Structures are given as structure tokens and as C-alpha cells.
Amino acid sequence: MFGLQQQDQSSVTYASPSHLSNGSIQQGSPISAAATEDGISPDVLSLMSLSLCLEKILVDNKFDYTDAEFEVDGTIVGVHRCILASRTDFFHDLFSSAAATLSWSKEEGEGKGKGKEKEKEKEKPRYSLRKIIPRGYVGLEAFNYILRYLYTGKLNPPDPSVSRCVDLGCPHDVCRPTICFHIELMYASYSFKLDNLVLLLQCHLANFIEKAYVEDIYPILLVAFHCNLIDLLYQCMDLVARSDVDDNSIQKEFPMEISEKIKCLRLQSHQPLTVTTLQLQQGRIYKALDSDDVELVKMLLNESTITLDDVNALHYASAYCDPKVVTEVLELGVVDVNLKNSRGYTPLHIASMRRDPGVIMSLLRKSASSSESTNDGRTSLDICRRLIRQKDYNARMEQGKESNKDQICINLLEEAAKKYIPTSIATREESVSSSSPATINDLQAKLLYLENRVALAKLFYPTQAKLAMQIAETEFKHTVDLNETPEMRKKRLDLRKIKALSKTVELGKKYFPHCSEVLNRFMEDDIIDTNSFINDDDTLGEQSIKRKRYHEIKEDVLKAFSKDKKHNRRTK
């Protein structure tokens, strides 16, 4: 990928022969003599050795002599200001301005105690990468890659886990992770004023757009716009203008300046730009969806003869609206969940491109088909897999912490592909109709069980629980009956809560079966130890913490359950 040698403003990039990997080359040594026989001059050998030594102080913790820090995605990265300042004017200006500010603050603080001044001197200046590069995102891996280039002058192949997708059948030449990693490098190179590296990356991005899907060109167009890459920008705009992407999508995806230029390019190519009555109605419905106003959507439908399917409203909502709006549109019951638009995409295809588990889950719950293919033969699962990095998909899911949404998206689509049929909810979890002759004790017992189960789900699997709860709550809206007595109202609210919690549990069992199995064992008291939570690669310390946490949680649940039972007895 980066096989080209590149000359930077202050150094030359050299390949690193394997026999020089120890970073130590002595003049007159057999290695030096062999390298000289191979035609490598002593000067080049010295530069190679220097490059390897500089790489060592960057990656080896034993050589932690850093004097400044960068915060990247919550991780602190130490750097050596003298090296970075000598490599590019950007860092020289950054560090010199910070030094001047620090010197001024020291003068202001004179007379307030020498002890505090010494503490300040020991502190390393810290910089936020997000503030330095405000327009584009640069992740930890891309930043470390650029640092290694600045330290060593070499461009090595990037880590496959951050530049390749999950799809095993993908050649990884133009999949989204590959493109996005190059885009992150471009934002960093442009911001740090590494002109030659910008030119090299621009060539790679130009090669990508000839083979990439039009949706994958969007981020390339944006980085070209933000980094003033004029040639690349016009190549991207021309491809988008000649594509079958509709004008509404172009307006949503790009800044107004770009979308207007694409419209002009379409006008020059004699593409029809007439606005029909259907398009006017479509625009009104889309604006209502953007405002999260489904009631207004219903009013617009009542005032005209068009349907939501006529304007691909579910496709639009799946791409750009809040997941709650998608659920509400589906609850109207007037949309074809498997309808293909003019580009051959179903709403589930579009939701897979968006990678929002809430939208995907809402569509699957309404029988969206995961087996439907696009015009070029891709399923929703194929689309999703080619958008997600290997590192993100293979990240370890820890109980009690927010789960990776990319993982959840793939897991949802994989479960749907298996045509998973959920088992019936246990007797305690069955839906309770308001007309059933349930006693107060029955309702309270069911309510306690469901509340405890959902509380455990929120504790162990917060992301999954949140998704299930959002969809379940959307189905059960508040209703008001002015003729209700307080007792009738309390019973109705309890019934409504039981239905919502039961639906949450049902959705959890259907779409997150593995998580639900763990909760089943907790609720049935089948777990007598923490073996189910301990992994083979856990350290002894981690195992001890998990066992302790398990017993704490179980004890808290039992205490809460006992308190609720005592409270209910007193209120009989």
C-alpha cells in the first residue's frame, strides 16, 4: 500500500532491511561489510541506523523520555518536542507558542511560592488532537502512524486490523476501513503541513474513487473539500453528479457549497431538473421527518393521495432520522418494509450503511428481510461487514460497559440471517391484557420479576438493554381516561409497565440470545459461581474482581427483592 519511497521536507524515506532491524550497526562489522557489498553506502547505513534508533524511543517504554503529550480518543500519547519541531514547521509553531504562554504564566505567578513553580516545570504540556484538527477525525492508530513516519522517515504498511474490513471475501483494496484510514492520514498530514505525504495520499485516494461504491466516495469528497485538494475534489464531484444518487441525499451528505456545485454539474450534463408535484410532497414529508414530527407526516398524507412508499419515506428515515422516528413510522403500518428504491436499496440496506443498531433492530422487528440483495448482489450483512474495521468487530465485549455498536449491528443481521425464532416468553413474562382477571399480587410478582430482569440487563449489557427498551416504549404510548378512579389508573399503569417490560425482555431474547441466556441463569438462580463470566485469558486479578462483583450484584438484587416483598406485604 505504501511501497513508494518519499522525500519529506527534512529527510528521505529509506526501506529498512531485515538484517538491520536491531538498530545497531557498527562500522567494520560483518553486517556493515555485507551491506556495503550489496551496494548500500555507509552514509545510507548510518541513516538507517538513526531511523531505527528513533523508532525505538517512540515505541519502547524503556525509553520514555517524552516532554509533551497529545490526547487522542481518550488516550495519552507522549512525544518529543525537539524531534517533531525539527520535522515540520507546524509543530515548531505549536510548541513555541505554548512555551511563550507557559513563560508568561510563570512570570505572572512569581512570588506565589517556588514550590508551585517547580511543580509546573515538571508538568508536560498536553494538547488535544481534536482541537488541533477540528474539521476532520484522526484516530489513535492514524496519529501513531504519522508519528512513526515523522520519527523514522519511513512509511510501513498499516496494521490490517484498522485498515481492513470484516468481510473475509473482500480484497481490502477499496473497502471503507481502507479508505477511512487513508482519509485520517490525509487530515493529519494536511494539518501538520507534510506536503509530500499529502501528495502521496492524494494519489491513493484518486485511485480509490475509480473502483469504490459511490457511497464510499462521500468521505473522500469531504476530505478533499476540507484540505483544498482541488483536483481530487472535482473528480469526486463529477462522479457523484453522474451517479444515480438523488438530490435529497446529496443535500444531506454534503455542505451547501458542494451540493450546489453538483447540481450545476448535473445541469451541464443535461440531466432533468424539473420539480414535480410528487417531489414537492416528498420535500414536505422529509422536512416533517427531519423535525421528528410523525403527526405532521400523517396530516400531510391525509391531505394528498400519495403514500409514504411513493416518496421512499422509510428509506429517508432509515438514513437520516432518529431511531425513534423510524420506529414511529413503522408503527403507522402503511409502509412496505422491503420496498426497493430506484437504486435497488431496501430500508434495511440503508440502515446497514448507517450502522445504527436501533434502526436495524426496528426494521428487523417489522419483518425486514435480511436476505434481500442489492442490484449488485450485496445483502445487508455484506454491506455492514465491508464498513466495519476488524479491530472494532473483534473488540472484546465486557459486561457492564457500553458495547461496540458495530458489533451489535453485525450480530443483529447475523441472527436475522439464521432466521432465528424466539422461544416463547416464560409464564412470568407473558403479556398481561387489561381484561385478564389478574390479582394485585400476580401483577406485583410479575412486575418485580420483569423490573429486576431489565435492571440486570441494563447493568450487564447497557447498550443492548437501551435498544430493546427504546423500541418497547415506543409501542406503548400514554393514554388518558378522565373517568378512571385512582385504583383503576394504578392498575392500568402497572399493566402498561408490565407490557413494556415484557416486550423489552422479548426483544432481548430475540435479538440478543447470548446475553439473555446469561440473564436467564441469573433470574433462575442457576449460577452458583462466576465461571460463566470468567474468560480463559483473564488474569488472576481480573478473575478475583469479577467474582467479587458478581457476589455484590447478586446480593444487591436479593436485598432489593426482599425489601419489595416486605413493602408489598405492608401495603396489602
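Positions of Cβ are set from backbone N, Cα and C atoms, glycine also.
Because TrEMBL annotations are produced automatically, they should be read as predictions rather than curated entries.
Listed in TrEMBL for this protein:
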- 1-29: region 'Disordered' (REGION)
- 66-159: domain 'BTB' (DOMAIN)
- 162-176: domain 'C2HC NPR-type' (DOMAIN)
- 343-375: repeat 'ANK' (REPEAT)
Residues of the parent chain within Cβ reach of the domain 'C2HC NPR-type' (162-176), under 8 Å, 6 or more residues beyond its termini: 1, 139, 141-142, 208, 211-212, 216, 382, 385-391, 393, 410
Counts of helix, strand and coil residues, the repeat 'ANK' (343-375), according to DSSP: 17 helix, 0 strand, 16 coil
Residues of the domain 'C2HC NPR-type' (162-176) by DSSP state, where helix covers H, G and I: 3 helix, 1 strand, 11 coil
Taken over the repeat 'ANK' (343-375), the model's mean pLDDT: 95
